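Quick look at what TrEMBL lists:
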- B:4-94: domain 'G-protein coupled receptors family 2 profile 1' (DOMAIN)
- B:104-351: domain 'G-protein coupled receptors family 2 profile 2' (DOMAIN)
- B:12-32: transmembrane segment (TRANSMEM)
- B:103-129: transmembrane segment (TRANSMEM)
- B:141-162: transmembrane segment (TRANSMEM)
- B:190-210: transmembrane segment (TRANSMEM)
- B:217-236: transmembrane segment (TRANSMEM)
- B:256-276: transmembrane segment (TRANSMEM)
- B:297-318: transmembrane segment (TRANSMEM)
- B:330-350: transmembrane segment (TRANSMEM)
């Protein structure tokens, strides 16, 4: 019985979402409209549901994104929020608590896979390294000194010339 | 917990980092308290970090603290029994600091307005009294024009951008263009001071017999060259530190503009000291009159260059103490924003020839007005005044420009100058 409910729920959910986005929450019901009592534990079913539906999309989105942008909040914000909303909706439909242990484990796994080397300070503006900063500062100073020498030399060379 | 990750980039990063595996030992776990991310902290310590800038009255130079108790748990507030971080210092002094910031802001505006007024008066004086004109006055005029433009641009920048957070938030291209021109005019100021120094140096030390120098090179150095550091700064800023309106001063990229300016100031100081050395050693014994004359020409520039440059020397060292820091801020603002007034005063209002010319004009005007009054009162029989123009005593002249006329005239007075020339000329 429990297995039937699970597979029916999954099928209903997938069909519904495929057809019309996120349908309004109405509870866990089977294809015949009979109300199914809520699952007492949401461990396996829920884990499978979000893994098949939500995480797949997230993985595809992140793959489409260039790996160098994975630490960029403005670029990864969209798939991340969709994933979170998706897990929330699935939990709500399956009458599961949200967040729960599956969610924590899922996010730990995803963060380790995608965000393990992001800097703690994020993408705060910081100065370029010294090998770039040096020439940027040194060249104008040198050109200043050269220009000054040029002006002094022109004054010296033109003495006596009216 | 994941919902809280979307407040801002910092919260997202913190959430990311929270899930990475942690260390061992008795410590309070890394956590996100809703505003800031707190690292693993050893038990029994107090950790701190800079306040966030989420709120307008939070000062991001102040510190937020969080206590990790001996048992490895974060401090819980006694009233609510929930973990609590101490953000009270972030907005504690804000009203006082805001007031002082406004005082400094208005001081800057007044300084630049006074500078523009005094510089325009000086320019009017220089253009009106044509007999004052000589090459050095031409350089003064260019210097004053660059100071007027710099003050005008700074005023526009302060009023339109600095005092206007929504403009900064919108980050239009116009405010970056304004910043570029601001950097350009700043460079022009200091490079025109350098031109003055080079001119005096060429006049006195290098080419004593030069009838008239070609000013093209000076125009190039004063107006043309500052485009170079300003453009390089714009490119570097756009590529590496593209913050809103380029307002931040926390970047070393500002040295792209300030570096050449400091180089120009140092070179200028060096030239002026060399001039003083030449005047003192070569002319001291036998040519006291000319020495005094040249000294007077140099004195004004020699006073100004250190005054203009000192802000760059003391700028990096802001005292930590609150009161000393406030005094420092006031002094720095006066040095930075009242420079135009200082330049106009020293180069124009304290100039002896200008004072003489003004006095003559005033006496002439008074005499004419007196004459008109006498005519009006129909008392033509007696003449009250023998002369209408009083001779100004010769000692009031400061020979600012006369040195050039001396150079041009080939009279017997040239013998001293010949002696100077046949000595070493500075190479």
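Cβ from N, Cα, C; glycine included.
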Open item on the list: Do any residues, 6 or more residues outside the transmembrane segment (B:330-350), come within under 8 Å Cβ-to-Cβ of it, and if so which ones?
Closed with: 104, 107-108, 111-112, 114-116, 118-119, 121-122, 125-126, 140, 143-144, 147-148, 150-151, 154, 189, 300, 303-304, 307-308, 310-311, 314-315
- [ ] Tell me, please, if the transmembrane segment (B:141-162) and the transmembrane segment (B:217-236) are in contact, taking contact as 3+ Cβ pairs under 8 Å between residues separated by 6 or more positions?
- [x] yes
Task: Mean per-residue pLDDT computed across the domain 'G-protein coupled receptors family 2 profile 2' (B:104-351) - done: 86
Task: Stretch of maximal Cβ-Cβ contact with the transmembrane segment (B:190-210) [cut-off: under 8 Å; candidates B:217-236, B:256-276, B:297-318] - done: B:256-276
Open item on the list: Given a Cβ distance threshold of under 8 angstroms, which distant residues of the chain, six or more beyond its ends, lie next to the transmembrane segment (B:217-236)?
Closed with: 139, 142-143, 146, 176, 180-181, 183-188, 191-192, 194-195, 198-199, 253-254, 256-257, 259-261
- [ ] Residue list, the transmembrane segment (B:256-276) vs rest of chain: Cβ under 8 Å, 6 or more residues beyond ends.
- [x] 183, 186-187, 190-191, 193-194, 197-198, 200-201, 204-205, 228-230, 232-233, 236, 294-295, 298, 301-302, 305-306, 308-309, 312, 426
